[in-house]
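Scroll down for the structure; my scribbles are underneath it.
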Amino acid sequence: MIHLLCCRINTTGPALLLRRSSRSVEICRFSRSHTSPVYSLQSSNVVRHFKSLAQRTFLYCSPKTPRPSRSALRFILAPALLTVSGRAFCKVAYCEADVNNNTVTQTDTKDSSPEFNWHLLWEFVKPQLVALIGAVVLAFGAAILNIQIPLMLGDLVNVVARYLREQAGNYVHEIRIPAMKLLAMYGLQGLLTSGYIVLLSRVGERVAADMRKTLFSSLIRQDVAFFDANKTGQLVNRLTADIQEFKSSFKLVISQGLRSVTQTVGCFISLYLISPKLTGLTVVVLPCLVGGGALIGSLLRKLSRAAQEQVAKATGVADEALGNVRTVKAFAMEDRELQLYGFEVDKSCEMNESLGNGIAIFQGLSNIALNCIVLGTIFAGGTLISSNEMSPGDLMSFLVASQTVQRSLASISILFGQVVRGMSSGARVFEYLALAPTIPISVGGRIPYHSLIGRVDFMDVSFSYPTRPGHQVLKKLNLTLPPCKTVAIVGESGGGKSTVAALLERFYDPNNGVVMLDGLDIRTLDLSWLRGQVIGFINQEPVLFGSSIMENIRFGKPEASDAEVVNAAKQANAHGFVMSFPDGYNTVVGMERGVTLSGGQKQRIAIARALIKNPSILVLDEATSALDAESERVVQEAWIGPQEGRSVPAGS
Ligand SMILES: Nc1ncnc2c1ncn2[C@@H]1O[C@H](COP(=O)(O)OP(=O)(O)OP(=O)(O)O)[C@@H](O)[C@H]1O
């Protein structure tokens, strides 16, 4: 396995390739024939960083291009990869290289092509197996009937032709039986089709719902470092778009895939039995037409995807402008935003117009081609009828069966693309399903409430954020937060105050050293108990949920009574302003991040949310920064007074 790392490097010049050897990372000029080293990063830190990767690690560095796409990167490096390894398969990750400081920081360690996990799929499908088998059987039955229908149509036409030729006998009597048979066939085919669609949509929806719940449960249990490294939008995309795409592909493959393959094979046999000569002609013409159609179709789909992306881009511009409307207005940038949005909308309009033209040409061409096939079949079939090699009914059967083959082949060609897209969406979902959090939530011991003292010790704690391993935030920090005391941590911006709070809350584990509660390493304690009952944490930018104030405060203690909620709000000096709202505690906040409340009001609700669980340790990370002096005094009295006897470390 080869690892490709796409690197942004703080130097100027042409694109560079980074090569890992056993003791250094070399930055080389890259050309197809050879690579010549330019810099050599030899710090043990850099080399250690690559230890976890495969022996041959390449980094593509470009000072100008910000972040080439993975496929572009593979394309650029394909000759080098093939020469070096003889294998084309590679993993791609992104990193930043700083040649002055001799550091390389990997910013994205994800495997670019997660693998499809059949075992996990089976776990989701297993509970729906009976319905799935039912759907497969019904779809297969419908396909078999679709093969029979052209033959029966032929019988019917033969009766009509015979009557026209002989003008004798009772027409209604003769046609009744084949017509009734055909009618029954149509009815049964309709029933089977409805049946498999009902079953399949049930299976698809339930599998998708199970996947969503399991993926959400896996995501919500990941530790904070995971969310530092992955954008929320991308994670939400896996929950929505990826599962949706997978579900559609899954249903399509079972329904259309099974039906189309069965129909193609069955109808081809029918065609051959009806007329080997005409079939020979069809075998030459039909695949060419379907192939041509598939090619144009795939071009149009590409165009359609690009147009959709452009629409999304335009929406993104509008979303950003409307979401930050206060900033836009404060800088009087309405016209500029309008210009930006207009530019993107015009581009999407242009692309959609081209798409419309493409579809129009495609439809026109396919109509001509299809009608020519019908005309050609009738012409060739008529010749065979005139030489008594075929009956009119056979020609009718042939026409309908060949149309079925052509439709089935077209849908198979579309299905191929759908299968690839569905599998890659599924792989993206499965990637996070199988991911275990590095910090387990409900493992470890608890200190009985009556013997909890609340002394916190940071001993020789060193820490770097996982997303920036080269940047050490805390270096051998020793700090004691004694019980029954309020401790303020003061320091320059970016000095690591919030990081201390984050380590105490165990959002991250230190790289070295230990954080202790009452002399016990917090890594040995039950995390859900530590966060749920021991520590009350209010961060710099409290976020409220889109529900009532009552529910927001109760989030800290779900079983709290209304009286407890009101009491906590009073302690946080929030009761007064809450009661001034017409709906009081039932006022819904949190829409657009609680925009209906002022910064200070939001902070007071967040403080009430932390106070309601009566925590033994209260961490305020600049939680009162938006309060006026009087409110801050009331709040501080509230939590220092009744909490006397407990340790209260506070970031400030
Ligand atoms: N999630 C994160 N991932 C990577 N680096 C981070 C992260 N959070 C903070 N940092 C970095 O860690 C350093 C310390 O940040 P921290 O938030 O602890 O500082 P602070 O003292 O609380 O600052 P302020 O007073 O401005 O809030 C900063 O250099 C910051 O850029």
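Keep in mind that glycine also has a Cβ here, set from the backbone N, Cα and C atoms.
Marked as domain 'ABC transmembrane type-1' by TrEMBL: 133-421.
According to TrEMBL, the feature domain 'ABC transporter' maps to 456-651.
The transmembrane segment feature in TrEMBL is assigned to 129-149 (among others).
Annotated transmembrane segment per TrEMBL: 183-203 (among others), in sequence order. For the transmembrane segment (183-203), the list of distant contacts is 125, 128, 131-132, 134-136, 138-139, 141-142, 145-146, 148-149, 152, 251, 254-255: same-chain residues at least six beyond its ends, Cβ to Cβ under 8 Å.
TrEMBL lists 257-274 (among others) with the feature transmembrane segment.
Look at TrEMBL and you will find 280-300 (among others) tagged as transmembrane segment.
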If you average the pLDDT over the domain 'ABC transporter' (456-651), what number do you get? 82
Near the transmembrane segment (257-274), which same-chain residues lie under 8 Å Cβ to Cβ, leaving out any that are not at least 6 residues past its ends? 136, 139-140, 142-144, 146-147, 150-151, 154, 282, 390, 394, 397-398, 401-402, 404-405, 407-409, 411-412, 415, 419
